[in-house]
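Annotation comment: Swiss-Prot describes 1 as O-palmitoleoyl serine. Sequence annotations record features per position, and here Swiss-Prot assigns disulfide bond to 89-104. According to Swiss-Prot, the feature N-linked glycosylation site maps to 90, an assignment based on sequence analysis.
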């Protein structure tokens with residue numbers, strides 16, 4: 001007769017919001033890189049170097065990119081993008097639905113509507 005001890009360890013994922021905020025911070029501080037090809041004894045080798053040397057070199061945990069994002073403001077039939085012209089925007093928002101970002105600096109039109117509706121009020 002012996003004793004048995006059970007020990008269980010596990011990792012749990014943080015809340016989805018925490019992960020999203022972390023990734024957004026990484027995205028916002030991603031470093032643009034230049035792909036340089038050069039020949040070595042083992043063949044062609046590609047190396048990544050920072051495009052802007054005034055910035056700190058990225059670490060293993062930083063996000064990097066070497067292709068700039070397309071301009072989503074203007075229509076692009078090749079990618080199927082319709083652009084953002086004539087889209088509805090939220091004038092009070094500073095997020096992705098806000099007029100400042102969504103209208104790409106082109107300005108925006110404001111439309112005021114008057115509606116007459118039955119409210120089914122009981123007095």
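Yeah, the Cβs are placed from backbone N, Cα and C, and that goes for glycine too.
Listed in sequence order, the residues of the same chain lying 6 or more apart from residue 89 (disulfide bond) and placing their CB within less than 8 Å of its CB are 97, 98, 99, 102, 103, 108. Rounded to a whole number, the distance between the Cα atoms of residue 90 (N-linked glycosylation site) and residue 104 (disulfide bond) is 14 Å. Neighbour count (other Cβ atoms within 10 Å of the Cβ, all protein chains): 12 for residue 90 (N-linked glycosylation site). For residue 104 (disulfide bond), the Cβ neighbour count at a 10 Å cut-off comes to 14, with all displayed protein chains included.
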